Amino acid sequence: MPLRLLLLLLWLWGLQWAETDSEGQTTTGELYQRWEHYGQECQKMLETTEPPSGLACNGSFDMYACWNYTAANTTARVSCPWYLPWFRQVSAGFVFRQCGSDGQWGSWRDHTQCENPEKNGAFQDQTLILERLQIMYTVGYSLSLTTLLLALLILSLFRRLHCTRNYIHMNLFTSFMLRAAAILTRDQLLPPLGPYTGDQAPTPWNQALAACRTAQIMTQYCVGANYTWLLVEGVYLHHLLVIVGRSEKGHFRCYLLLGWGAPALFVIPWVIVRYLRENTQCWERNEVKAIWWIIRTPILITILINFLIFIRILGILVSKLRTRQMRCPDYRLRLARSTLTLVPLLGVHEVVFAPVTEEQVEGSLRFAKLAFEIFLSSFQGFLVSVLYCFINKEVQSEIRQGWRHRRLRLSLQEQRPRPHQELAPRAVPLSSACREAAVGNALPSGMLHVPGDEVLESYC
């Protein structure tokens, strides 16, 4: 659920504190139903109303009040919305909005006559918490976007790092970048929710509805692609460790098809059903839960599969580290480090709250779930880029070698040697930088290489 929508729900929830009728306090569900019913009545009214013949502003429900068609260069006035719990206290009040001379709604809106006479401190505090969470995930996605772009450039520029494993990493980095960019773009296009006063009223977004829905579709695809590439990482690592004796180089096209093609299999049906059955606003509200499960179900399946792969890999890690316990007495520390390293790569943290829906949690648990998911999702790309690029030993070795080669070339240019005496830096074999897993490799000691050890070293 987008954070701006949650801000609206929190606002509606906060309204119930303001008034208690003879039958008791209004529940959150009843309040939301009244607000939803108000919006539906507005849509029906607009459908049955003939637009004026001259230049006029379009009728719309701006998530607060219902506005009829209004002649250009006039100020529209409507009664305070009846869904407000304190409506009896402000029933004589009005909301005002300016229709410009060009037939477009202006940014000015005044509903001071409809404001709650009694401000609620608890609601304001929780609204502040959600606004800070939005700032946090904006910082997280921005940081992830920057570090992922740098990591992608590093893996692309150093040719000796080109192998199937790093190709998959690069596609995963790209999916994280697209997810971050799509979410940040969607936030800018989503309709501002909640009440505003005077000059704080936001610019109407009806004209950008198509762009907003397009951004919503792209966001769902990018999020789905991110989960499928996390699944590709898990499947690839599992194949390297379990299905020994078979090369993975020829499977990369299948991984590409799975990573970028699978999300379209559930996003396209969701778009069609959403357009036919729930074509409202910017598609940010999921009122018909069956439609939302078209997207949610495949994502939950990928999370579950990756969690099972994670458990399987942990079993392999434990068995291999125990066999080398005499040589590696700190195997428990290495196991803990490997476990923590694989968590962001496979998205294992998602399994904590994945089975819990928005309707199943309330109060503090809902905020805890939201904060947990927002923090880890926004900073996950940053963690993956750091763990699998910036502090990766192979990447660091290539950067050092590239720096030494550059210094050597500069030194040779300064010495100005004769053409037949010019020296070239010695190339490093491909296998020394990016090694694919091989079965039966001989170690310097003459012992046979244990299948999977090199893979675990590369990942963990």
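In case you wondered, yes, glycine gets a Cβ from its N, Cα and C as well.
The feature signal peptide is assigned by Swiss-Prot to 1-18.
Taken from Swiss-Prot, the feature topological domain 'Extracellular' covers 19-134 (among others), and the record attributes it to a curator's inference. When the topological domain 'Extracellular' (19-134) is classified with DSSP, helix, strand and coil residues number 42 helix, 30 strand, 44 coil.
Sequence annotations record features per position, and here Swiss-Prot assigns disulfide bond to Cys42-Cys66 (among others) based on a large-scale study or a structure entry.
Cβ neighbours within 10 Å of Cys57 (disulfide bond), excluding its own Cβ and spanning all shown chains: 27. Here Swiss-Prot flags Cys57-Cys99 (among others) as disulfide bond.
Per Swiss-Prot, N-linked glycosylation site is recorded for Asn58 (among others). For Asn58 (N-linked glycosylation site), the number of other Cβ atoms no farther than 10 Å from its own Cβ, over all displayed protein chains, is 17.
Neighbours of Asn68 (N-linked glycosylation site), defined as other CB atoms within 10 A of its CB across all chains, total 17. If you look up Swiss-Prot, you'll see Asn68 (among others) marked as N-linked glycosylation site, on the strength of sequence analysis.
As annotated by Swiss-Prot, N-linked glycosylation site applies to Asn73 (among others), with the evidence given as sequence analysis.
Around Cys114 (disulfide bond), the same-chain residues at least 6 positions away in sequence with a Cβ under 8 Å from its Cβ are Cys80, Pro81, Leu84, Val90, Gly93, Phe94, Val95. The feature disulfide bond is assigned by Swiss-Prot to Cys80-Cys114 (among others).
If you look up Swiss-Prot, you'll see 135-155 (among others) marked as transmembrane segment.
Residues or ranges marked as topological domain 'Cytoplasmic' by Swiss-Prot on the basis of a curator's inference: 156-166 (among others).
Summarising the annotation, Swiss-Prot assigns transmembrane segment to 167-185 (among others).
When pLDDT is averaged over the topological domain 'Extracellular' (186-222), the result is 66. Summarising the annotation, Swiss-Prot assigns topological domain 'Extracellular' to 186-222 (among others).
According to Swiss-Prot, the feature transmembrane segment maps to 223-243 (among others), an assignment based on sequence analysis. Long-range contacts of the transmembrane segment (223-243) within the same chain: residues 164-165, 168-169, 171-172, 175-176, 178-179, 182-183, 251, 255, 258-260, 262-263, 266-267, 295, 298-299, 302-303, 305-306, 309-310, 312-313, 316, 345-347, 437, 451-452, 455-456, 459, each at least 6 residues beyond the stretch ends and with a Cβ under 8 Å from a Cβ of the stretch.
The topological domain 'Cytoplasmic' annotation in Swiss-Prot covers 244-255 (among others) and is backed by a curator's inference.
If you look up Swiss-Prot, you'll see 256-276 (among others) marked as transmembrane segment.
Here Swiss-Prot flags 277-297 (among others) as topological domain 'Extracellular', drawing on a curator's inference. In terms of DSSP secondary structure, the topological domain 'Extracellular' (277-297) contains 10 helix, 0 strand, 11 coil.
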Cys57 (disulfide bond): nearby recorded positions from Cys42, Cys66, Asn68, Cα cut-off 10 Å: Asn68
Minimum Cα separation from Cys42 (disulfide bond), reported as the residue among recorded positions Asn58, Asn68, Cys99 that achieves it: Asn68
Nearest of the recorded positions (Asn58, Cys66, Cys99) to Asn73 (N-linked glycosylation site) - Cα to Cα: Cys99
Residue from Cys66, Asn68, Cys99 whose C-alpha is spatially nearest that of Asn58 (N-linked glycosylation site), among the recorded positions: Asn68
Neighbourhood of Cys66 (disulfide bond) by C-beta distance under 8 A, where only residues 6 or more apart in the same chain count: Tyr38, Gly39, Glu41, Cys42, Met45, Leu46, Gly59, Val78, Pro81
Packing count at Cys42 (disulfide bond) (other Cβ atoms within 10 Å of its Cβ): 20
